[in-house]
Amino acid sequence: YCTDRLTNYSFIRTLNSGNAEPIRVVVTGAAGQIAYSLLYSIAKGDVFGKDQPIILILLDIPPMLPVLDGVVMELQDCALPLLREVIPTDKVEVGFKDIDAAILVGSMPRKEGMERKDLLKANVAIFKTQGSALDKYAKKTVKVLVVGNPANTNCLIASKSAPSIPKENFSCLTRLDHNRACSQVAMRCGVSSDSVKNVIIWGNHSSTQYPDVHHAKVNVHGSEMAAYDAVKDDAWLRGNFISTVQQRGAAVIKARKLSSAMSAAKAICDHMRDIWFGTKEGEFISMGVYAGGNSYGIPEDLIYSFPVQIKNKTWKMVDGLAINDFSRAKMDATAAELVEERDTALDFLSQ
């Protein structure tokens, strides 16, 4: 009887994935190295579910179209049953048409000698265009994840340029920082990374971000304890731990001569999967979200990384966590950087 039930279940599952309506997912900067690490995981069902057929739209700039053709060939050659169609394009009206999820990886990278405000100006133009296209062509239920840096401010500009899509549908990636923080604590305690939960990344996805473990828990030999008790090294947690997580991206570039791609792609998958399927009971994760109505005294009109829990594809900020003076100063410093970025970006937006 049990085996019959199992066989039936897998048969029904196959039937369902045959019948399920494909979702449309766009990845921008699709010819780049993060996308190259990301697309396979999405197409094989690691993000939106093992029963969910997918139409993948790959958007990039015109000079990258020949490279995109190669990516399309490889995706075809993976022979993935859930991947119903791959559409390469350089046109936003094709890229954003009726989409369910948008992963905005493409942005103007910082070039040598480029000032931060020049970088902001170039990216305001890109994310204004993409936000307007989302507004015009995407489903109003679309979930938008901004990865391209400066991610928080790019996300804010995209959201402001798409007034008909709820602000709550926009988020930016700080899950990579979150995963880095989890991993550092796990290595320090000699446990696996899934034994660490409820670390928080506050603020900007930049070197001012604040990785906070005051509310984190570590499972050591089957018993759960506060991270500070598990690590037993307050000086490290308030010093090198924070700077290691803040500077990790730069350290990878220095070593690889390329920016984080594998780990960034994994974090994107974690972030989107949690939006789609929710967070575990009693756990929270970090993502950059609209700060309106927050209980932590953070200026409202920002995309700021907070601890969130997700249910029914809707995030909710975790309220009421005690914030000590050490944390307060770090949370305010990263907020100040975001306010400055936002004000510069909004000047460009209104030009």
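The backbone N, Cα and C atoms fix where each Cβ goes, and this holds for glycine too.
Annotation source TrEMBL lists active site, proton acceptor at H205. Sequence annotations record features per position, and here TrEMBL assigns NAD(+) binding site to D60, N123, V147, G148, N149. According to TrEMBL, the substrate binding site annotation covers R110, R116, N149, R180. Under the heading domain 'Lactate/malate dehydrogenase N-terminal', TrEMBL lists 24-170. Taken from TrEMBL, the feature domain 'Lactate/malate dehydrogenase C-terminal' applies to 174-348.
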Exercise. Same-chain residues six or more away whose CB lies under 8 A from the CB of R180 (substrate binding site)?
Worked result: P211, T244, V245, R248, S263
Exercise. For G148 (NAD(+) binding site), what residues in its own chain, 6 or more apart in sequence, show a Cβ-Cβ distance under 8 Å?
Worked result: T28, G29, L104, V105, G106, S107, M108, N123, I126, F127, N154
Exercise. Distance between V147 (NAD(+) binding site) and the residue listed as 'active site, proton acceptor' at the Cα atoms, whole Å?
Worked result: 10
Exercise. On the Cα atoms of R110, R116, N149, R180, which are listed as binding substrate, what is the maximum pairwise distance in Å?
Worked result: 25
Exercise. What is the interatomic distance between the Cα atoms of R116 (substrate binding site) and D60 (NAD(+) binding site), given in whole Å?
Worked result: 23
Seminar exercise, completed: binding-site residues considered: N123, N149; fewest surrounding Cβ atoms within 10 Å belongs to N149
Problem set entry | Integer Å distance between the CA atoms belonging to H205 (active site, proton acceptor) and R110 (substrate binding site) | 15
For this session: Write out how many residues of the domain 'Lactate/malate dehydrogenase N-terminal' (24-170) are helix, how many strand and how many coil, based on DSSP.
Result: 66 helix, 27 strand, 54 coil
Exercise. How big is the Cα-to-Cα gap, in Å, between D60 (NAD(+) binding site) and H205 (active site, proton acceptor)?
Worked result: 23
Exercise. If you measure N149 (NAD(+) binding site) to the residue listed as 'active site, proton acceptor' at Cα, how many Å is it?
Worked result: 8
Seminar exercise, completed: A correct count of other C-beta atoms within 10 Å of the C-beta of R116 (substrate binding site) gives 13
